[in-house]
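Taken from TrEMBL as is:
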| type | residues | note |
| --- | --- | --- |
| TRANSMEM | 41-64 | transmembrane segment |
| DOMAIN | 57-304 | domain 'G-protein coupled receptors family 1 profile' |
| TRANSMEM | 76-94 | transmembrane segment |
| TRANSMEM | 114-136 | transmembrane segment |
| TRANSMEM | 157-176 | transmembrane segment |
| TRANSMEM | 214-240 | transmembrane segment |
| TRANSMEM | 252-275 | transmembrane segment |
| TRANSMEM | 287-306 | transmembrane segment |
Amino acid sequence: MWKPSIFADLETNKNLNANNCSSSVSTFILLGFPYTWEIQILLFSVFFGTYISTLIGNLCIICAVRWDYRLQTPMYILLANFSFLEICYINSTVPNMLANFLSESSTISFSGCFLQFYFFFSMGTTETFFLSVMAFDRYLAICKPLHYPTMMTVQNCCRMGTGCCGFLCFLLPIYLASQLPFCCANKIDHFLCDPGPLIKLSCEPAPGTEVICAIYNSVLIFSTFLFITSSYTLVIKAVLRVPSAEGQRKAFSTCGSHLAVVSLFYGSIMVVYVSPTAGNPAGMQKIVTLFYSILTPLFNPLIYSLRNREMKEALRKLFSSVRFRQSHGKGF
C-alpha cells in the first residue's frame, strides 16, 4: 500500500546540511503526485488510458501512411516519422511514472535517472527539429510549388528526417549535472528526472550548471520557434495571394494543423525551460510537464486526422480493412 512517509518532510529534505551526511546518493525518490492511495489509483487509470490512446493514435497514422499509396508524399512521410517519434517520446517517461503510482518507494537509480533525463530531452530536442522540417516542407510546397517536386523528394525528405537527430545536443548539460555532488537529499519533487528539481538536490550551489541549462534551452527553443514562425509567416502571405477561396481553405487547413501542434508544444515548454530553474514552482512545473510530455502526443494524431481530409479517408480505409480481415478470420 501507499506509504505517506515517502512524501513527508520534503522541506526538511531540501535543507539538510551536506556536512552531516557524507554518503553519496545512489538512488532518487520521485515524489510525483503526493495524494492519497485512492487518488493515486484514479490518476493511474487516467494516465494509463491516455498512454494507450496515444500509442494507438500515433500507430494509426503510421499504418495509414504505410498502406495508403496516396499518402506516400514527403508531408505524410514526415508526419509518420513524427508519430513514431511521439511514441518513443512518451515511452521515455510514462511507463516509469505509471509504475510509480503503484509502487511503495517510487525510486529510480542514479544512472537510471540520468538516462531518463538524456532520452527525454534528446527526443524533445529531436521533436523541435522535426517541427522545423515540417514547417519548411509546407513553406516549399506553398511558396515554391514549382521547385517543390525536385527539392523535397522522398530521398531528401529521409535525409532531413535523419538530420533531425538531437541526441548530441544535451550531452554537456547532462554531463555537468551528473558531476554535481549529491550527498544526502534524494527526493525529487517531480514525476520524472527533470533538471530543475534535480540540480536543487546538489550539496553545493550550482549556478553555472543552471545558467548553462537555461542557455541551452533558450537557444534551442527560440531558434527553432523563430524558424517555424518565419516559415509560416511567409506561407500565410502566400496563401492570402491565392485567388481561389478553395485553395486558401485547403492551404489553411493543412497549415492550421501544424500550427496547432507547434502552439501546444512550444507554449508549454517555454513556460518551464526558457527561464532559469529556480523561478518555476514545483506544482506548476509538474502540470506543464504533464501537458507537453503526455497530452501533446495524444492531441497530435487527433489534430492531424480531424483537420486533414486525406488522412481521414486513409484512416477510414485502414479501419475498414481491419474489420474486413477480422470478419474473414485473416491477419495482416
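Using N, Cα and C of the backbone, Cβ positions are placed for all residues, glycine too.
Within its own chain, the transmembrane segment (214-240) has Cβ neighbours under 8 Å at 125, 128-129, 131-132, 135-136, 138-139, 142-143, 169-170, 172-173, 247-248, 251-252, 255, 258-259, 262, 266, 269-270, 273-277, counting only residues six or more beyond its boundaries.
Note on the transmembrane segment (114-136): residues 75, 78-79, 81-82, 85-86, 88-89, 92-93, 96, 108, 160-161, 163-167, 169-170, 174, 177-178, 192-195, 198, 220-221, 224-225, 227-228, 231-232, 258, 261-262, 265, 269, 293 of its chain, located 6 or more positions outside it, place their CB under 8 angstroms from a CB of the stretch.
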